[in-house]
Structures are given as C-alpha cells and as structure tokens.
Amino acid sequence: MSQDPFQEREAEKYANPIPSREFILEHLTKREKPASRDELAVELHIEGEEQLEGLRRRLRAMERDGQLVFTRRQCYALPERLDLVKGTVIGHRDGYGFLRVEGRKDDLYLSSEQMKTCIHGDQVLAQPLGADRKGRREARIVRVLVPKTSQIVGRYFTEAGVGFVVPDDSRLSFDILIPPDQIMGARMGFVVVVELTQRPTRRTKAVGKIVEVLGDNMGTGMAVDIALRTHEIPYIWPQAVEQQVAGLKEEVPEEAKAGRVDLRDLPLVTIDGEDARDFDDAVYCEKKRGGGWRLWVAIADVSYYVRPSTPLDREARNRGTSVYFPSQVIPMLPEVLSNGLCSLNPQVDRLCMVCEMTVSSKGRLTGYKFYEAVMSSHARLTYTKVWHILQGDQDLREQYAPLVKHLEELHNLYKVLDKAREERGGISFESEEAKFIFNAERRIERIEQTQRNDAHKLIEECMILANISAARFVEKAKEPALFRIHDKPSTEAITSFRSVLAELGLELPGGNKPEPRDYAELLESVADRPDAEMLQTMLLRSMKQAIYDPENRGHFGLALQSYAHFTSPIRRYPDLTLHRAIKYLLAKEQGHQGNTTETGGYHYSMEEMLQLGQHCSMAERRADEATRDVADWLKCDFMLDQVGNVFKGVISSVTGFGFFVRLDDLFIDGLVHVSSLDNDYYRFDQVGQRLMGESSGQTYRLGDRVEVRVEAVNMDERKIDFSLISSERAPRNVGKTAREKAKKGDAGKKGGKRRQVGKKVNFEPDSAFRGEKKTKPKAAKKDARKAKKPSAKTQKIAAATKAKRAAKKKVAE
C-alpha cells in the first residue's frame, strides 16, 4: 500500500484504507495473468478482516463498473486483456441494436439474438467480434453490468384476454405482459407507466406491473409526462425538501445582509425574455476616465440558501438542471427560491455574488474581483424593450429615462467585446429557433421564428466575460471546480464535414486541426446563403458536445483557454458549485479555516468534482433529449392537420433510403422516402451527400430547394412523411468569401462584418487549437438502410385521434 500514489486520498476517505482502484489496475497490468481475491490480498499486503471486506467490496464495485472481469476460474482480469469492452446498449425497433463504446468512433452491431440478453439502456460488458456478411462489426454480450431499471411508458392493449403494454420508446422492441391483478384499472389504449418485474430473456417474455395510469387523451401535458418518465427526470419534490423550504420567508433576512457590499444604489438591471420568471443575473457598466469600462455582473446568491448535503442540495444535484419544455418548466429549485428569494426581482433586496471587471477600450479583460453583496434591481427589462430603446423608441426612452445612458454604455461595451471575440476567432452561431404559440387547448396554433437582437448578444457577452473571470479565479488558486469543456472536433468529423462543403463549393481551411477562427470565417462567408441555417447545423454536428469536467482543456468554440459556468445557479448545478468554490476561496484569503464558510462556501475534493462532472453532463443531455422528444411530438401533432398541404423547404440531410426536408419558417423536418421518387434506381453518394438516379440522372443533393406535400404523420415514431412535388438545384459557392467581403469593408453592408485578424487578441486561444497543413479528405463508406412503414398500432392511434378531433370540431360547430 505504501507504493500507492493515491494513499493519502484513500486515508482521507476511510479510517482503515485499502489500495485505490488505480493501484489495483496498475498491479494487474504488471501481472502476467489474472489474480484471485486471495492472491491480491497477499500481494497488496491486506491485513485484518476489515481490510479484506473492504477489498472484496472494492473488487465487486470495479467489476460492476466494467473495470475488472470476474472469470469462470474465480479470478479478476483486465477487460482489455480479454478483448472486452464496456458500453451502453442502443436498441432498434426491428429487434437488433448497437453497442456504444466510449472512445470508439463506430458502434458495434448487436444481432436480434444478442438483444435477447439485454435491453436498450443497459450498460454491458461485451466481446467485439468480426464483421458480419453486411460488413458490420459485431459484438457478443458477456454480462449486463448495470441493468436499465427505470419505469417504462407505453400503451395498454388486450388480445385474446391477455393484457400487455407496448413501450412508447421504439428502441424497446418487446411487449410487456401484465398479469390481471396488476392492471390498475387501465383500459384499452390507455397510456400507462410500467415497472418490470421480469426482464425479457431468450426463453421468457417481459412481465411487469402498471404503477401509474396517465390516461388516453394524448396532449401536450401527457407528452411532457411521458418524457419525464422515459428519461428518468426527477419532477416530484421529496417531503424533506418541502419541509426545508416551508420556513422560508419572501424577504431576505436582515442578518443575511450583514457584512456584504451594499450595491442597492447601483443601477443594476435584469434583461431577459418576455416570458422569463426567474432572474438570476443583473448588469451595469460605466465608462472609465482613462478609457475602457467597469462592468458589474451580479448573480443570484443561491449558495446562501442551498447548503451542501441538505435535502434541498441533494435534490438540486439529482436534477442537475432545470428542464425547459415548450409548455412548462421542471425547475432545479422549488418555486419559493427560483421565482422568489433567489430571483433578482425589481425593487426588492436580494443577496448576490458579484463579479466586478475592468475592460480595456479594445475589449480586453484587464481585471476582476468577486465579492458577496446585497442589491436591488432598478428595473426588469426585456430584450425587446432594450432593443427598442437603443433604436430610439421615444416612449420607452422617456419611461426608462434614468437608465437610458447606462444601457447605451452597455451597448458600446458590447460592440467592443463582439469585435474582440472576432479577433480571437470565437465562433458566433446565429441559430434560427422555433417558438411555439399555443392555443387554449395547449396545441400549437402557429410556429414563429425567435428574433435575436443586440440586447440578447449584449447580455451574452457580459455573461461570457463573468464566466471567464470565474474560471481564471479558481484555476489560479488550483481549486477543484467544474470547467465548461468543448474539445476539438475529431479528425474523422472534420474530414466528413469538409467533404460535404466541397460538394457545395465551399472550403474549411486549417488542415486536420482547423482553428475556431477557420470555422468563424466559414460561417461568415455563408451568412447570406439560403442554406446558411442548414450549414450551421452541420457545423455544429461536426463538433463535440460540450461537457463539465474538473480537468481544464479549454473551450474550442469560444477559443478560450479557461471557461466555466458561473451565471445561472438557479437553473444549473455546476454554477452553484462554482459559487461555493469562489466563496471558499474568498474566505480562505481572509484566513478562514475549514471546508465550509458561514455564507455557503464549500471546498470540494477532486474526486467529488469528477463525479459531479459526469453527473451534470448526463443531466444536461437527459434534459436535451426529453425536450427534443416533446418538441418532436408537438410538431407531429401540428402537422396532423396539414396532411395534404404543400410546403417549400430545403434538403437538410441525405441517406440511402431518401432525404429529409426542413420546411421554411416552420423548422419541421420530414422524410421523402426513396420509394416515393420517380421510377428509377437511386444510388447514395455519401461523400457528395446526394441521391443519383441511375437511368434518369436525376440528382437530389444536400441544400437543394424543394416543394413537398405532407403525406402522413407517424405519431408513434414522431416522424413525418413527405412526397416530392418539385426540386431546384442548390447553387454552388453562392455568397462572397470572408476575404472578398473584407475587401469591400463594412460601409453600407447590411449586417456585414469585417473580420480583423491581428497579432494581439482578447484571449489567446489554446495552442492545441492551432491549425495544421491541409490533408485531402477520405471518402466515407456507402450506406444503404431501408426505412420502415408506420406500424399498425401507429395507424390505429392516429386514426382514432383524428376522428376524436373531428367529432369535437363538429360538436363545436
């Protein structure tokens, strides 16, 4: 144990420490063959019953997590020595599946026979095999490490007197038998929640019991209910949390204000959307006499009310983030905090954490300091109001006269910060997002495009600056904290993206490792193209997903060496942990001893941060998937009434079985199946992202403008089928390049910008982001998958829904 480099860490956690996981893995790596538990106990100098029991538990935990394999000879071995991998099962509605292994580019194929030993969502240990006759690399399931134990949502049916549930998630390709005494009063076609009592095997069917009946009226509310349960999102407040918040008052206690910097006279304001209910950030800036600005970013002091290890903290950590569905919000914190005590509502005292910064006239962050304060927001402003004020709206300028000059100064600061972002090469995404407008029945009445103006971007730049300051502060002090990490795109993703661009007459410079600046200039060069939104989406897909991690590797998209989330502790748990770390450091500077402070500061260990990073990243992905499910259902529900109508759109994706079309202004995608095209054999060119008719020569390519008719809506699969009316070839290389635009300058150009690339930049990009020489992209292998027709169940449900609506409409008339 004395050679264990993690001995001190283990001694901090356990009174009678045992070798760390890392040391056990290192020991087995040096060993030529697997070892039994008794052999490991001798070789690792384990003594006494307590240590032996600790070793037994640790080995079992390492086996559960896939770090070790327990062989038939009762020995522990390294999975890589046995050519085994750990991964997550991804099911398919046709019975087969895939194994997603972290760190591998391609998923491994699981045959329908292998899928009988596991279900979608299981974490398994598997053995990679050779390729099948279709060239797919297969895998054999060795053991289920962590079975999917969550509840399953589906519809209840009866057939020949036997009750069963068909899962709503098509990746669960099995029915669940329900014994007669476990039905809970569900009737034919009802949406129910099932708990498995017997998992499906090669010889037996799945058996379960109904634990909740959601009803048969499938609407927006039920779509949210299904998503919450399918993705295991916590939505019920535990009784202990209810009890903890029951004693909270609406006003900030006077004793809480003591010892804080008083900023109540500083004209801080909140700027949010019209429908926002929780306000966690306020801003103010003023011009410095010598040039540049002083910027105050005040953030709600959630950490004062949510203390570590309390029921409230445990539930906030469990949720990880607030989940914003189109029609409702599942908050991370109870409403008394999120919309009350922690929300920076106007004209009331609130506790806050402040990041006060100095910014040079060139937009360079020259200084920052953090402190705890008390504030009173001088106004609750909206993006629309601020934009109109900046545009000269006289009525609003009179209404908010005392604040106008401060808002104009914020706008001046924004313009400098925006230019500084361009100089360092940060990528600016101008995404078009859909906003659903609901009617009285909570169905989509229409879909509108959200408009981003300088007020949105102004707040965004202020928040980025505060996040950078927070990241630098904890990093300089070497304090364990969660950084917001955006890794560089993989070489394969870059090659694939560059191939698509080449087909469209575009180019991404930078070789195999393009810099953020290369992506930013590409986006600027295509800004005026009709397919700009599609290209931006493809660019995003070519990049890696941002995560939380205590190991700082920089933020590629923003071209920053250090970045963390500090500005939204009401709705993001990583921000709350960062506030605690900053408070701990501030108290430590004043000579405070111990891991906790009087106002909610806390010192986390690196081990805690590693676990939190994984959990918070998972919670973010979980929320994204759930909201996407509901949005897809709402879009399908909206399109049910559009069957037979004709729309214009653009080809957004091409596959071997057809192409997807994104409808103009609606942001809704549907499939034109290859079988519905002209009578011809179509070949899929994956590199060129196009379908080509062998006889006619007709080509359908990414970016082509098309006119389509809505043929069918598959509510079960959340998919929409189109048929092609006409198509128009997308022009190649439309729009000036960034270099050509720069020659003409900015004068008289609507929305145009000249990218200034100088030697001195605002924030020096990580050296890992620097480019290399260009390499020719490799051609990808062809793919030819077939689409499936809607299931009989789907057609039944869709027909019943349509008939029900028609009947309601008739009664109303």
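Here, residue 1 is simply the first one shown, and the rest follow in order.
Glycine too: its Cβ is placed from the backbone N, Cα and C atoms.
Checking Lys369, Lys415, Lys544 against Swiss-Prot for the annotation N6-acetyllysine singles out Lys544. In this structure, Lys544 (N6-acetyllysine) belongs to neither helix nor strand by DSSP; it is coil. Under DSSP, the residues of the domain 'S1 motif' (644-725) split into helix, strand and coil as follows: 3 helix, 49 strand, 30 coil. Its own atom aside, the Cβ of Lys544 (N6-acetyllysine) has 14 Cβ atoms within 10 angstroms in the protein chains shown. The average pLDDT for the domain 'S1 motif' (644-725) in the predicted structure is 90.
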